[in-house]
Amino acid sequence: MAIHPTVSFAPPEQPPAAAPPPSSIERVEAWTVSQAADVLAATSISSPTPAERPVRGTVDAIDIPLDESLQAEQPPRPKRENVHTVYKRREPIRRDSQRRREALLKGKEGSRQRRRWENDRLLSNPYAQPPLPSDWQVQPTYPRHAVPYFLAPLWDAEYARSSSERKKKMDEAKSPASKEEADAKKVTQELRAKLKKSRGAKGLLQDLEEEVRGFVTQWDEKQRQLEQEGLIDPD
């Protein structure tokens, strides 16, 4: 069965002229009731015609989107992790333990790594002692002498005397033992001064030769004088 509404727009009946004019609310209600009555009057109920029934034996083609269903059934792919190309992720070592780590740190017996490990821990030194709490204190490494204030002048005098003696010994060690050594030192000092003041090596060999020749002539004259005085025997 099918319901086919037919709406007919019939003009409403004219109210009598003697009646008073209705209000706006009454006019809306009257129009709604009249419209509903007209629609129900124009509605007809009838059974479907035989032509509308489907013929037995006919086949209707059904379009089933197989690709879309397969795509929907596929599980979502896992998110790919960002892999660094330079420093790759280090895989965990199997059977990793503290004992294995210590063995790798020590190295094999007799190897250079084992010797370094033993030297770092002073295992081969029989006189090694653990550090004391005083070793961790911040203090100067040089010896300190706590001197009272009233003994400071005496202490200063002792230091002045020891420093003067040390300086005297150094001067005696520097001073030549004989006159010949003094002359030889003098030659070297003069030569050093000349080399310092000279701007180039021009005539350097000639100056050295003149110094040596002058020293030899002085030595020969001194030897002749001693021979004449009879202090030394002639060869």
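Using N, Cα and C of the backbone, Cβ positions are placed for all residues, glycine too.
Here is what TrEMBL says about this protein:
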COMPBIAS  12-23  compositional bias 'Pro residues'
COMPBIAS  76-121  compositional bias 'Basic and acidic residues'
COMPBIAS  163-188  compositional bias 'Basic and acidic residues'
DOMAIN    90-197  domain 'R3H-associated N-terminal'
REGION    1-26  region 'Disordered'
REGION    43-140  region 'Disordered'
REGION    161-188  region 'Disordered'
Structural state census, the domain 'R3H-associated N-terminal' (90-197) (DSSP three-state): 67 helix, 0 strand, 41 coil
Quick one: average pLDDT across the domain 'R3H-associated N-terminal' (90-197), no decimals. 85
